[in-house]
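*Asks:* Checked Swiss-Prot, it gives:
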BINDING   Cys12, Cys103, Cys198  [4Fe-4S] cluster binding site
BINDING   His43, His81, His131, Ser226, Asn228, Ser271  dimethylallyl diphosphate binding site
BINDING   His43, His81, His131, Ser226, Asn228, Ser271  isopentenyl diphosphate binding site
BINDING   His43, His81, His131, Thr170, Ser226, Asn228, Ser271  (2E)-4-hydroxy-3-methylbut-2-enyl diphosphate binding site
ACT_SITE  Glu133  active site, proton donor
Amino acid sequence: MKIIKISPRGYCYGVVDAMVIARNAALDKSLPRPIYILGMIVHNKHVTDAFEEDGIITLDGPSRLEILDQIDSGTVIFTAHGVSPEVKQRAKEKGLTTIDATCPDVTKTHDLIEAKKSEGYHVIYIGKKGHPEPEGAVGIAPDIVHLIEKADDLKTLEIPTDKILVTNQTTMSQWDVQHLMEDIKKKFPTAEFHKEICLATQVRQEAVAKQADVADLTIVVGDPKSNNSNRLAQVSQEIAGTKAYRVADVSEIQLEWLQGVEAVAVTAGASTPTPITKEVIAFLEQYDPTNPATWERKRNVPLQKILPRVKVKKQ
């Protein structure tokens, strides 16, 4: 069986930066304890489990404000997905020490919304409902930001001005965003468009579109909560025309997927640890459908191999 290692794949700079910030926080003895992450620092359970070993507590919930209500003291890390000004203000009022690990690409979108609000615009924001990134973006100016996920959401959308900005969640499918923007243009012809798909998301999606088309199957390594991982599977199926499955790690691979497969493409979401992806590739490289000894799918990557190394500062 031929293995096509799609490149680029895996970690983006925003994810690595967020994890380094959190690791440095764990090593900083001057920070008030306990240290919490407000939601998953990045959408990967292997990463949050590894941080738990570092003594950092991940709290998750339906909204950042509701999670914050669980915290009375200590240090709070804001995740790569960004948070609203209301969350930052509430943390300040509670006397919490805060560390901001927001991805710079997300901050760029927040700044754009702020600027357009001051100019009297309304904003149509294309994003996935229930995902923390749109929650933070809408929270920048909830009175003028309108979240839409699908074309159907446009049917009931009314905006009381011709000054309209259209932007989006950074990890959406670029093709979905483009189609929605075309629909928006028909309904709101005066709208201005700022496509904010981050470069890492864009090049990973384009790599799948161009490289997975010669495979019989694509395996995307990524957490079920990772929007960019789920979008990679979508791109494989809808753009490359190759059936795709998303797995959190090697243990989730089903042998029946591999029946009759001569070429399998492998990629990984931007929040997927490299050792987890390497383990999937190693399994596929040694897999022999006629030899049961090669069929075991067990995750063996130790948690201490998940997080990036950081230099310990001398006291």
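Including glycine, each Cβ sits where the backbone N, Cα and C put it.
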*Asks:* Please report the number of other Cβ atoms within 10 Å of the Cβ of Thr170 ((2E)-4-hydroxy-3-methylbut-2-enyl diphosphate binding site).
*Replies:* 29
*Asks:* Helix, strand or coil for Glu133 (active site, proton donor)? Use DSSP.
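*Replies:* In three-state terms, Glu133 (active site, proton donor) counts as helix.
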*Asks:* Quick one: pull the CA-CA distance for His131 (dimethylallyl diphosphate binding site) versus Thr170 ((2E)-4-hydroxy-3-methylbut-2-enyl diphosphate binding site), whole Å only.
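*Replies:* Here the two Cα atoms are 12 Å apart.
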*Asks:* What binding-site residues in the list His43, His81, Ser226, Asn228, Ser271 lie within 10 angstroms of Cys103 ([4Fe-4S] cluster binding site), counting C-alpha atoms?
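*Replies:* Final answer, ordered: His81.
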*Asks:* Taking Cα atoms as reference points, which of the recorded positions Cys12, Glu133, Cys198 is nearest to Ser271 (dimethylallyl diphosphate binding site)?
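*Replies:* Closest by Cα distance to Ser271 (dimethylallyl diphosphate binding site) among the recorded positions Cys12, Glu133, Cys198: Cys12.
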*Asks:* Taking each of the binding-site residues His43, His131 in turn and counting other Cβ atoms within 10 Å of its Cβ, which one has the fewest?
*Replies:* His131
